[in-house]
């Protein structure tokens, strides 16, 4: 009888174990995960996702909507699980996000610790095979949201350009993040894809390398501060000269510190000049107050400046064209770039003043206008020319400025002597002013026309002496070029009948002439306060329009929409709070209650608004 009872009990346990195994398998089946996923992802609409032709930047308003779209396209099947445990792509994503700092992004923006802890919970031991559907689904959703956020940050940036400046009008390329994630999980190329979605431009790659180098300098303690004092120049000796050598060696401007007793020699002078050139300063070779201030900026501030400009690279098209013209406003610089990012021409430029800034946009030069007339903008006519005419009646005639009764094609010319300029209201300026070609025309001998809504173009200038200034923000917004003949010759070199000699002839004959380009030439007017030259030299410039400061403020805002906590963290907080309250009330440690709360396992990832 006892033997029969024992056999019966064994059979009961075997059957129960089999039933339990079948139940667990069913519970953790793909259908079970799908049901749990569907229950956790109610349909979410996002107006920003309706315009699919525009870039989607992940933020609190559309992260849930993108996540729902991703899972709905795959029938709410789990995306990151392989045989009911997280596949290798989960670890690959975690590894990529851990290195977000190398891309100029903040790892703290992404839920690294919750992902790491959850992966350990569901795949760290034998018993992890019996993790609940809710645990697996919470992790799956968290990984999906993290990919969408990180890929968006890498490809189109954290900040919308218009939040930083209303004059930024560069169009970005759209990225289908949902399709990208699906393809990435299918091809299992997580690391490669996340590298590919970041900007492909050498300018971005160069800044990334510079950031790594400056991070190394920071890790080594930064560079020394050069004490204030008199101007340092050739022949000087002493502690300040020794520290200056150390400072320039750390930043790579000087090959080696040399002897501690070496004076301020020609080699050090050249190193100072190199530093000054890299920072847009007058290259005197002497350490004056302005140079000293730049020398003593901490390396961490330079790293922030690099990061801000890496963000801006994410705001521009991935394909700038086979050949293009690149204008950098803070650098007061224009480059003509050909294939493989080769710079074939470079010149100084003059840009808009701080209160009449040059807008940031991309367009195409479609024509050249030799000896152009200038249709004076109404704002300039009313605010600048009218007061000058009221003081000097000969002002218009001396500058070949004509007056018309409007901007119509059939507008009638008016004799300026018949106008009582003292009675003209600048708020309702009724005339159109047009300046004929000549030595006093501010457009000079050629205008490079690029049709745009801002009425901005490139042109020559009679005020060539201004190009010798270090800071060149003098215009009303248009861009004056130092070598208009070279630029015109380049743009017309493939144009039938336009040799270099003919271009020079067109400059000299003073006859107005419009030449339409056979192929419009792309122009990108951008804003870099830090960039890397072809030879690897890192350049820094003053933030003339204040965009860096505004961008830094935007990047510093807390990102609440993917802040997550594990339920075990919440349990620990509750446990500590209850224990403290109990101690205050009764003097007891309430160890039993403390133990009960400590036994809680991971209950899921909670999303906090």
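Along the chain as shown, residues are numbered 1 onward.
From the backbone N, Cα and C atoms, a Cβ is placed for every residue, glycine too.
Some features that TrEMBL has for this protein:
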type	residues	note
DOMAIN	323-506	domain 'L,D-TPase catalytic'
ACT_SITE	459	active site, proton donor/acceptor
ACT_SITE	478	active site, nucleophile
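Across the structure, residue 478 (active site, nucleophile) and residue 459 (active site, proton donor/acceptor) place their CA atoms 8 angstrom apart. Cβ neighbour count for the residue listed as 'active site, proton donor/acceptor': 22 (other Cβ atoms within 10 Å of its Cβ, all protein chains included). In the three-state DSSP scheme, residue 459 (active site, proton donor/acceptor) is classed as strand. Look at residue 478 (active site, nucleophile): DSSP puts it in coil.
For residue 478 (active site, nucleophile), other Cβ atoms within 10 Å of its Cβ number 22. In the predicted model, residues of the domain 'L,D-TPase catalytic' (323-506) average a pLDDT of 95.
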